[in-house]
Amino acid sequence: MKPTSNFLSHLNPSQRRAVEHFCGPLLVVAGAGSGKTRALTYRIANLILQHKVDPENILAVTFTNKAAREMKERIQKLFAEQMAMQEYGEKYDLLPEFDQGKLRSRVYRTVIKDMWCGTFHSLFSRILRLDIDKYVDENGRKWEKNFSIFDDSDAQSLVKEIVTKQMNLDDKKFDPKSVRYAIGNAKNQGFSPKEFAIEQPNYRGKIIAEVYSAYQDKLAGNNALDFDDLILIPTRLFQQNEKVLDYWHRKFHHILVDEYQDTNRTQYEIIRLLSTNDEGKKSWNWDNRSTFVVGDADQSIYSFRQADFTILLGFQDEFGDGLEDDNTRTMVKLEENYRSCENILEVANQLIENNTQRIDKILKPTRAAGEEICLFKADDEVVEADFVINQIRKLEEENPDLDWGSFSILYRTNAQSRPFEDLLVKYQVPYNVVGGFRFYDRKEIKDILAYLKAIQNPSDAVNIQRIINTPRRGIGKSTIDTLVRASQELGTNLWEILNDETSVNTLAGRAAKSVNNFAGIIKKWQAEIETMPVTELVAGIIEDSGYVQDLHTQGTDEAEDRIQNIQALYNAVSEFQEENQENEESVTLQKFLEKTSLSSDLDKLKEGDAAVSLMTLHASKGLEFPVVFLVGLEQGLFPNYRSMQDPAALEEERRLCYVGITRAQERLFISHARERRLYGSREPAMRSQFLDELPEDLVANHHQTRQGYVKISTGSLPKRSDRNAFTSNTQSDVIQNWQVGDAVIHKTFGEGEITHVFDAGSKTSVAIKFTNLGTKIIDPRVAQLQKIN
DNA sequence: AAAATTGTTGCCAGC
DNA sequence: CAACAATTTT
């Protein structure tokens, strides 16, 4: 199939450069709303159509499952459109539905199915399902292909058990949560337990390293991995086994990574390994290969899980030609914004300029100015919610272009959703809360999944213990203790004991019978796992567990609710089975379990069901809405109090705000409250410092009255210089005199020369042209900047 | 062994 | 205030 001539005509020149780039490394710096998804999908289509790349040689990494699904759908559509013209001589949209369906499913089978497109976690767990048996870690720990994936709460209880029971530490001093966090950080930076131990200078660090090692023992003992292992283990496997690395290196000719600014060291390392086969730069061979990354340092908002945007900033040095912006052939910037009205962009641009650590980049508007941004001051969080919901209802009514799905409410923390939900319910506005509590995290769902996991992977003692007496079947704490102790003493896992009738029969009579019964259930279904359709398997297990029956006898409303949820889980299984069968994919229990472990809540956000979306700013990344409400702009909340002392963390909060603003297409509302409930008591709240960084001439001030709200002013805030005189009395003492032409050295960016000085009252910014990195605008009070000579 | 009560801590973000 | 853990009661 050959592409029709208009294939690339929907692209602007920069997008086109990105799409048509064939071999070698390329960094695409893609500002918000600049059409990077389009660039990615067209690039993949172009690789296949133009360069005859086999889809199975493509690896595309996205940030969420939803993004992966959308990307696949868009590519599918592109292909179907091409084929429609070729085979029917007709536009795809004009074909009868039957032919459309036929085309789509053929494209799926011949193109989409073979492509590896997904999140880091899903892609690399897939590799582990094939190759983990070839891996042995530094302590001889091994895993089998049917490993379980432990979620955060599983992981946390393991750590807690180690800290309190095994090592007898004070869990005040070694709070399991922070220990677990430290272990996660180590994994995300690529450290094994031993390597981590060496790095530790103090007692506390050494203890944490010990916990890390014991934690890995426990995981291996359960034949289980945590989320971070899903990336770290394949990385280590690739490092230790040339053959395995070489196989995957040869398989993936073209590697694409989206949201590259949010990759961490381990993820970077695995991309590096796959791209280069771990060879030195001189022997890299880019023939028929490419590594194509897309990102925007200004939207890096996941440093709390060790994402590091300097990886993106370093791409040019690591992979690229390292030439300056104007001359480089390994970087493309997408700066035209197609999403937002000009006013919104202007606000975003001005805000983000307050950050020092950036690539010089500005979003250029392509759309009309649009309406003013509306800033609303509320008395408290309830008034704030009232304002938002009323605006939504009013706009929806007045504007035929808008439906409920056009609106989103974005907040810093999940806990803020409550008052908005209350009012949406009151006015019967359909809405969707994204994130927070996942369906798969409900107790009854986790219980049923524990059965499934135990059957899939009997070494998984954590999940066995979860369900051995759920529902009650007379296996009490002391019985379980005896069994667990026995397994520890024999150095085997719990299942080996349960599965051995003679061992079990040494227990007191009643308990022995119950345990044998339980073991029988697990064994029975284990035997069916390869052959029985997943839906039947799950239905049978639910039945045999007696779980639903037990809920029935309870008879409470809550129990009825749980039964409903279990029904919904079953529905999810059958949907899963149907979908996969349609696409001629194999359907296994393992795949379903994987999906439940790795799916995020964002996945439920379906297009087409018209409902107001409520979510955190983090969850909003990559999405867009005609109308956006950015709420709770208060000191301590946003920016979050934990970030306020640390300049780097504060800059991340600012990027988060930037992400929020740039979600808006037509209208942007920003609000804050003067008082807010916190831990139950009312606390006064100050307006966020970010509000003072927005251009006042584009922002209209509003305040509530009994009748609703009135517009007070446009641009009536105190003049910027006055405000700064008031607010910035803390660190302005060490003002240096920066002048155009000064040679300076920056801690991370190296040497450069000042090309502009921006003086606004007490705040000074300087633009510096760095030798290797191009021009950046920097706040000399925050950055470590020194004059040289 | 399970249920009821009191106490404690936490709201930062999520694959 | 609410979720969760630890503790006491039946």
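Cβ coordinates are placed from backbone N, Cα and C, and glycine is handled just like the others.
Long-range C-beta contacts of A:Thr37 (ATP binding site), restricted to its own chain and to partners at least six residues apart, with a cutoff below 8 Å, comprise A:Ala67, A:Glu70, A:Met71, A:Arg74, A:Asp258. Taken from TrEMBL, the feature ATP binding site applies to A:Ala30, A:Gly31, A:Ala32, A:Gly33, A:Ser34, A:Gly35, A:Lys36, A:Thr37.
What TrEMBL lists as domain 'UvrD-like helicase ATP-binding' is A:9-341. Mean pLDDT for the domain 'UvrD-like helicase ATP-binding' (A:9-341) in the predicted structure: 93.
The feature domain 'UvrD-like helicase C-terminal' is assigned by TrEMBL to A:342-622.
Under DSSP, A:Ala30 (ATP binding site) is assigned to a strand (E or B) in the three-state scheme. Every protein chain considered, the tally of other Cβ atoms within 10 Å of the Cβ of A:Gly33 (ATP binding site) stands at 24. Sequence-distant contacts of A:Lys36 (ATP binding site), defined as residues of its own chain at least six apart whose C-beta falls under 8 angstroms from its C-beta, comprise A:Val28, A:Ala30, A:Asp258, A:Val294, A:Leu334. Annotated ATP site A:Ala30, A:Gly31, A:Ala32, A:Gly33, A:Ser34, A:Gly35, A:Lys36, A:Thr37; additional same-chain residues within 8 Å of its Cβ mean position, judged by their own Cβ, are A:Ala39, A:Asp296, A:Leu334, A:Asn337, A:Tyr338, A:Arg339. Taking a C-beta cut-off of under 8 angstroms and a sequence separation of 6 or more, A:Gly35 (ATP binding site) has the following same-chain neighbours: A:Leu11, A:Asn12, A:Gln15, A:Leu334, A:Glu336, A:Tyr338.
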